[in-house]
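To start, the structure under review is shown below, and the notes come after it.
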Amino acid sequence: MAYPMQLGFQDATSPIMEELLHFHDHTLMIVFLISSLVLYIISLMLTTKLTHTSTMDAQEVETIWTILPAIILILIALPSLRILYMMDEINNPSLTVKTMGHQWYWSYEYTDYEDLSFDSYMIPTSELKPGELRLLEVDNRVVLPMEMTIRMLVSSEDVLHSWAVPSLGLKTDAIPGRLNQTTLMSTRPGLYYGQCSEICGSNHSFMPIVLELVPLKYFEKWSASML
């Protein structure tokens, strides 16, 4: 999860988020090189005593500054398109969970089970236990099995919301009357925190999301205890 004064992304815990981090580093390197080149050229222009007032055209330079940016854009666009297609890919999910946004809490339904659903509210600051996180803890966590493909169906009962968990590279809009879907898979167990990422009213900041990723055998025990 995030920590105070953090500058980078949260640690990736899903293949998609790992791809997004690699793409971010790849793009940032290109932007840094371009910025350095532009600053270098500007510094030369400001410090040189040479002038070229008689130069009318320079086709070679024009060709270079047309082709080079096109190549750079292609180098950025190709990996970006690859990740976009990966994010929309659905691979026979092992479990489906329906998420509904409300003002101002989330409700979850495990559609593969006959009667497994619950609401998830933020725990008020006055009721937190030692070690728990302010504005991020909930009374009912979403328990999911790790290393399995899980489909999340996301919608809303009232206004626009957005279901987002940064460590998993997830952000899906919850739109009234529309059912969006996304897939997730965690490569390691743990608690992963998120929040509503669409301004939805006065208590928008009080809609945390907590995923608890556990091995399959522990998930089966939990689901049996909830039925």
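The backbone N, Cα and C atoms fix where each Cβ goes, glycine too.
Pulled from Swiss-Prot:
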BINDING   His161, Cys196, Cys200, Met207  Cu cation A1 binding site
BINDING   Cys196, Glu198, Cys200, His204  Cu cation A2 binding site
BINDING   Glu198  Mg(2+) binding site
MOD_RES   Tyr218  phosphotyrosine
TOPO_DOM  1-14  topological domain 'Mitochondrial intermembrane'
TOPO_DOM  46-59  topological domain 'Mitochondrial matrix'
TOPO_DOM  88-227  topological domain 'Mitochondrial intermembrane'
TRANSMEM  15-45  transmembrane segment
TRANSMEM  60-87  transmembrane segment
Would you count the other CB atoms within 10 A of the CB of His161 (Cu cation A1 binding site), including those on all shown protein chains?
-> 30
Between His204 (Cu cation A2 binding site) and Cys196 (Cu cation A1 binding site), what C-alpha distance do you get in Å?
-> 7
CA pair Cys196 (Cu cation A1 binding site) / the residue listed as 'phosphotyrosine', Å rounded to integer, equals 27
Here are the binding-site residues: Cys196, Cys200, Met207. Which has the lowest count of other Cβ atoms within 10 Å?
-> Cys200
Excluding the flanking five residues on each side, which residues at least 6 beyond the ends of the topological domain 'Mitochondrial intermembrane' (1-14) place their CB within less than 8 Å of a CB in that stretch?
-> 20-21, 24, 133, 136, 166-169, 184-188, 190-193, 213
From the Cα of His161 (Cu cation A1 binding site) across to the Cα of Tyr218 (phosphotyrosine), what is the distance in angstrom?
-> 30
If you draw a 10 Å sphere on the Cβ of His204 (Cu cation A2 binding site), how many other Cβ atoms land inside?
-> 16
Within the topological domain 'Mitochondrial intermembrane' (1-14), residues counted as helix, strand or coil by DSSP | 0 helix, 0 strand, 14 coil
Under the DSSP assignment, what numbers of helix, strand and coil residues are found in the topological domain 'Mitochondrial intermembrane' (88-227)?
-> 21 helix, 61 strand, 58 coil
